Amino acid sequence: MLKAVILIGGPQKGTRFRPLSFEVPKPLFPVAGVPMVQHHIEACSKVPNLKEILLIGFYQPNEALSSFLLKAQQEFKVAIRYLQEYSALGTGGGIYHFRDQILSGGPQAFFVMNADVCSAFPLVPMLDFHKQHGGSQSYVILGTTANRSQSLNYGCIVANGETQEVLHYVEKPGTFVSDIINCGIYLFSPSIFQHIAEVFQRNQQELQLEENSSWQRTEVIRLEQDVFTTLAGRGKLYVYKTEGCWSQIKSAGSAIYASRLYLSQYGSTHPERLASTKEGGPTIRGNVYIHPTANVDPSAVLGPNVSIGMGVTVGAGVRIRESIVLHGAVLQDHSCVLNTIVGWDSTVGRWARVEGTPSDPNPNDPYSKIDSETLFREGKLTPSITILGCNVSIPAEVVILNSIVLPHKELSRSFKNQIIL
């Protein structure tokens, strides 16, 4: 029997995803038409003999999360539960805190994955690789190749070229270590908890030496810095390298890139989710997802990489490209939306143009990843995709360029390179 654990974080995390995470927990943000974490759940449901999926995070249980889990459970026919941490315990602390729940039923192995990654999720090949490399006493990290300069932003893995054993692991090194990076998806045997327990006991001993220390801190354990670094070179940790698509979803801008990756996968996994040009319907270019309840005028042109949410209205002559339009939004006649996320129930007026700058990886470098740009550089706002928070109103005939508009704003003029509070 197998299980899967998805680490979904909490409201204090994912702040780079604001203003979109104000309205909905980040793991439930729709990417390519379905909540971000549903892609993980679907991949897990396809693994033979995987009986339970546990979501671990420190969001207060809320209606959106509960109804999503109920629907997912019915759709994918697998048990799904949410376990709430009492505070942020780190990637290792969360699974250690709930180790009894994870080990109940006696799974031979379990997957652990971060909710904010977009991937082809090669879980079955990882499982086969795990069986060939020590099974119950070994652990597998999913790795991919990055270019030299960007590898410094990730966990770097030095591996034996023949056996794929991890010899050395460094989280976000100061200088170049390796171009194989950690994808945030792991396969563990239950014996991993012995190694996490060693870290827990070490933390306890260190805190006993400190005055006025908090007992909570002993439970804060980071898999990457605390566990992998000590396991490397001991013949227990292996890396399974994937050539498939992979990206982090840290900033709101990376959601559009992740949407593109998932939409391109739909061609083989879910062709029914992709729209096509039909007589009497809008013109579709490339991969486009349109929710069945959306109302799109036949003269509109959509794509490539467009995702239209529930109940959206798209008027005559509208052009949308490289964008996500969330539920209830209205794009009035002849408006133009490029490289933008249009928030829930927002309105874009007639002949208005809303445009951002894509934050895509370098297309000429096959190993390039998306850069997590800082919001400001040299005192200026970094050009990025445009984001309209929920319930924003854009008047007719204005241009909004490279701007972030916080929720419930009614704009009256054009803006460029601004955060509108």
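Glycine is no exception: its Cβ is also placed from the backbone N, Cα and C atoms.
Here is what Swiss-Prot says about this protein:
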REGION    2-252  region 'Substrate-binding domain'
BINDING   Glu85, Gln248  GDP-alpha-D-mannose binding site
REGION    274-421  region 'Hexapeptide repeat domain'
REGION    357-385  region 'C-loop'
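According to DSSP, the secondary structure content of the region 'Hexapeptide repeat domain' (274-421) in residues is 0 helix, 53 strand, 95 coil.
Within the model, the region 'C-loop' (357-385) shows a mean pLDDT value of 75, rounded to a whole number.
Annotation for Glu85 (GDP-alpha-D-mannose binding site): same-chain Cβ neighbours under 8 Å, separated by at least 6 residues, are Gly10, Ile56, Gly57, Phe58, Gly93, Gly94, His97.
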